[in-house]
Amino acid sequence: MLNEVGKINIKGINHLLFSVSNLEKSIEFYEKVFHAQLLVKGQKTAYFDLNGLWLALNLEADIPRNEIHKSYTHMAFTIDPKDFDAIHHRLKNLNVNILNGRPRDKQDQKSIYFTDPDGHKFEFHTGTLQDRLSYYKKDKPHMKFYI
């Protein structure tokens, strides 16, 4: 439904779906790394509850996975700064593929970048959008702000 000014009324993210090459391996990853609760599993599909977010996996074993690694495209989740070190340690203990983060200013807060077994990139980040905007407004005069 369109709202009064003709814009689509987006109410939020409905679900996240990831194409996976090995459903069992991916289920184990999402359960262990994200503590996602498995809701249903079929031959080619699994659905999870991730703190109220619907997460879906679809088995697509024949899809080439090499291109996904070249992009900065990722999904970022907010974590509490006090949990950063413990989460980083936990990911290491689970043998998760932790990526080198991009160079950043300390005002940009802390991040852990990592991939699932198929190369989908994720980030656990301690900052907020407001943190980022405040930093950019102060230190990046070349940027144009619309808010």
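We number each residue from 1, going along the chain as drawn.
Quick reminder: no glycine exception, Cβ is built from N, Cα and C everywhere.
According to Swiss-Prot, the feature domain 'VOC' maps to 12-127, an assignment based on sequence analysis. Residues or ranges marked as Mg(2+) binding site in Swiss-Prot: H15, H74, E123. The annotation active site, proton donor/acceptor is assigned in Swiss-Prot to E123.
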Neighbour tally for H74 (Mg(2+) binding site), based on other Cβ positions within 10 Å of its Cβ: 15
If you rank the binding-site residues H15, E123 by how many other Cβ atoms lie within 10 Å of their Cβ, the lowest count goes to H15
According to DSSP, does H74 (Mg(2+) binding site) sit in a helix, a strand, or coil? coil
Determine, from DSSP, whether E123 (Mg(2+) binding site) sits in helix, strand or coil. strand
